[in-house]
Amino acid sequence: MASESSPLLAYRLLGEEGAAFPPNGAGVSGVPSSRKLSTFLGVVVPTVLSMFSIVVFLRIGFVVGHAGLLQALAMLLVAYIILALTVLSVCAIATNGAVRGGGAYFMISRTLGPEVGGSIGLMFYLANVCGCAVSLLGLVESILDVFGADATGSSGIQVLPQGYGWNLLYGSLLLGLVGGVCTLGAGLYARASFLTFLLVSGSLASVLVSFVAVGPRNIPLAPRPGTNASSVPHRHGHFTGFNGSTLRDNLGAGYAEDYTTGAMMTFASVFAVLFNGCTGIMAGANMSGELKDPSRAIPLGTIIAVAYTFFIYILLFFLSSFTCDRALLQEDYGFFRDISLWPPLVLIGIYATALSASMSSLIGASRILHALAQDDLFGVILAPAKVVSGGGNPWGAVLYSWGLVQLVLLAGKLNTLAAVVTVFYLVAYAAVDLSCLSLEWASAPNFRPTFSLFSWHTCLLGVASCLLMMFLISPGAAGGSLLLMGLLSALLTARGGPSSWGYVSQALLFHQVRKYLLRLDVRKEHVKFWRPQLLLLVGNPRGALPLLRLANQLKKGGLYVLGHVTLGDLDSLPSDPVQPQYGAWLSLVDLAQVKAFVDLTLSPSVRQGAQHLLRISGLGGMKPNTLVLGFYDDAPPQDHFLTDPAFSEPAEGTREGGSPALSTLFPPPRAPGSPRALSPQDYVATVADALKMNKNVVLARACGALPPERLSRGSSSSAQLHHVDVWPLNLLRPRGGPGYVDVCGLFLLQMATILSMVPAWHSARLRIFLCLGPREAPGAAEGRLRALLSQLRIRAEVQEVVWGEGAETGEPEEEEGDFVNGGRGDEEAEALACSANALVRAQQGRGTVGGPGGPEGRDGEEGPTTALTFLYLPRPPADPARYPRYLALLETLSRDLGPTLLIHGVTPVTCTDL
């Protein structure tokens, strides 16, 4: 539990020796700080190189040639709108607090929780793994175009053998080079990336100059794979220079077969390839653990990189459309080299871009994997990824990722992987947008990012656009990715994860609950929609576990509050003793599997504490209308924690994770004869207080004897037939007459019916006992009662019971303390209570009837079949001096009846209208 002194942010200024910690928690005990990268080297450079990847050199012609300039621009605009929406969300989350290693995974998991964050983090990791393989395959393709045995053109040095096995070998060798750089750490990676950035920038500059400086030329096209070069006439593509007719020819779409795969291209397939090249916006965020100031570097560097790459793509699209015919664009994806003033510089750019993109994907994947392993979401399967070097470099995660990339290289074809990689990236982007949307909708005061150029509209549009594009690109891959995410989330939920990160779902639920509680108007309540809202007062849950579960069954979709009064005076205590108890009571609710709130209070007496809880428990229109108490008798309390399987604890007294066992958090049951916290006088006074507050009252006796199968959560499969007996008559003031079922009697019928609707009680039969006066003819009253039950839609058996000469007739009286103040003496009341008890026991099969004024019973009944008995609870007497006598009569009335509920209802709860 957080205290007043608990910080809102875990941020330490000084270490143990007084040395200042690095910002954002960079310093880790025993591990040197690895936060060395600036905004430019840590975010701008890797993001630009990842967003260019091989697309900028090898797929510009592919996109423009198949889609045409207009559709290519539309694709680029759509792609960058999606990216921009996600970038806004990334910037908002990154500027709302300290960002540690793991990048997008860290943001998602700390917002949506470990289940969703872990599943999407693993998928984003796989997307980076596949992205690394795609970049390497593109690099192999570009190398073989020049140096392969089947390469065409006079500039080709045809020394490298080709084929699936050779291509796999080349990719594996390049992967070894990339993995070696990443294994040596982020510092070497940053220097290599900067060198690569310079090479790529120089290469792109030479290409842009070549579009203007080179004159028209014919460029020979290589024969398609699988064709005999000698039997196919030589074909040429044309570089026309800036030409208006070339631009007009390239404006519209011209989808054809991809000469590398033979597959027919469509808008979706071309967009997948283009978008895959633009999906590197998280490259900088993935390096969050190595950035000096990630909260500033991530938003600033990402925005700069996105704007720069968008401008370069637009420029290349226009230049290609103005100068190259469609045949050249569609049949020679590496035409930049053919039109360059110095072709080797383009080759250097291609190789450098592909290498840098693969390095960025591999090192980003390793950081995500290391963060997943540190959070221990997937157990020992990711244990090797926790290994770090002395400088904090997670080389174990790098080697782990290297092995997975090697497996992906077996797929072989660049465009084959593009759709899957794109869909996985889109899932991660949608999750980032959803995280920001959730934080914005939750309206939590601590969500106040310094980056404010976003709103819930941009977040929602980002989520929708990502999901739409997923299914547009590949419906199968999109459906499979969502299914995979669901399975991983279910796995993590079943396994359990850290709960200290915070769940935005809790903030969203609070926001929605508050909104609807304000709309829940008590002035609009109607008896048709009445439901029980219970406040169960418990002294020690060890002895009240069956009652705890029975009350959970009685609530029927209503409110259930578990209340407890701690005796004490806050003025004489150094701190509030109630707050530390909440955790134990919430654990009790979880283990007992009941749907209850917990409300604790501190009071000098139990009676005053009960008054507090009756007045202040609940909120708005959700406040208790019924008080439930255990019965006050001399029976020794039982410790149900010892016999209930849900509460069985390890021998050492600790639960999983090292937390104290629940059995150690509650005191042992009260020993027989020991003093009680509540006197008989205060017990009856508490009942009287509840009735004065217009609350219904339920007193539960002997609930520990309930059949265990009736307290289970599922349907009961008990072979024994059980009854639920209802006596809707004040047995301490017997009377006949046509109107004896009053408000309290109807409340009994309602509560018994509610219990019969619970699956565990479906097989139990509801019996209602109709008490007849000595001069009342049988049949007539039963007919009236059956008509009433029919109107109330209550299915039950009706059994007539004839009282002796002591029964009264007439309408029920509303006099408080009816039987006590009704003129009967104590001896007569005691005799009547004994007679009523014998009557009920006889109908249960617990014994035969005897005594004056007793009913006609059934002798020789075999064993009790009644699982639970509902009895009418009379009002307490008006004179507090008679409270002990009242309690003694209740004890006599309910003695040896087994599980019994004595109920007094004060509010109408039934309705016969539609």
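The backbone N, Cα and C atoms fix where each Cβ goes, glycine too.
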Same-side flag (membrane), PRO161 vs LEU613, source Swiss-Prot: yes
From the set ASN243, ASN286, which residue is assigned the annotation N-linked glycosylation site by Swiss-Prot? ASN243
Packing count at ASN243 (N-linked glycosylation site) (other Cβ atoms within 10 Å of its Cβ): 16
Cβ contacts the transmembrane segment (417-437)/the transmembrane segment (263-283), at least three under 8 Å, sequence gap 6 or more: yes
Looking at 120-140, 168-188, 741-761, which one has the highest count of Cβ pairs under 8 angstroms to the transmembrane segment (339-359)? 120-140
Calculate the per-residue pLDDT averaged over the topological domain 'Extracellular' (319-338) and state the result as an integer. 88
Listed stretches 120-140, 168-188, 194-214, 377-399 vs the transmembrane segment (263-283), most Cβ pairs under 8 Å: range 120-140
Considering only Cβ pairs under 8 Å, which range in 37-57, 73-93, 120-140, 168-188, 377-399 makes the most contacts with the transmembrane segment (298-318)? 37-57
Does the transmembrane segment (377-399) make contact with the transmembrane segment (37-57) through 3 or more Cβ pairs under 8 Å, each pair 6 or more apart in sequence? no
Among the ranges 37-57, 120-140, 194-214, 741-761, the one whose Cβ pairs under 8 Å to the transmembrane segment (168-188) are most numerous: 120-140
Highest Cβ pair tally under 8 Å against the transmembrane segment (120-140), stretches 37-57, 73-93, 741-761, lands on 37-57
What is the number of residues in the topological domain 'Extracellular' (58-72) that are helix, strand and coil, as DSSP sees it? 14 helix, 0 strand, 1 coil
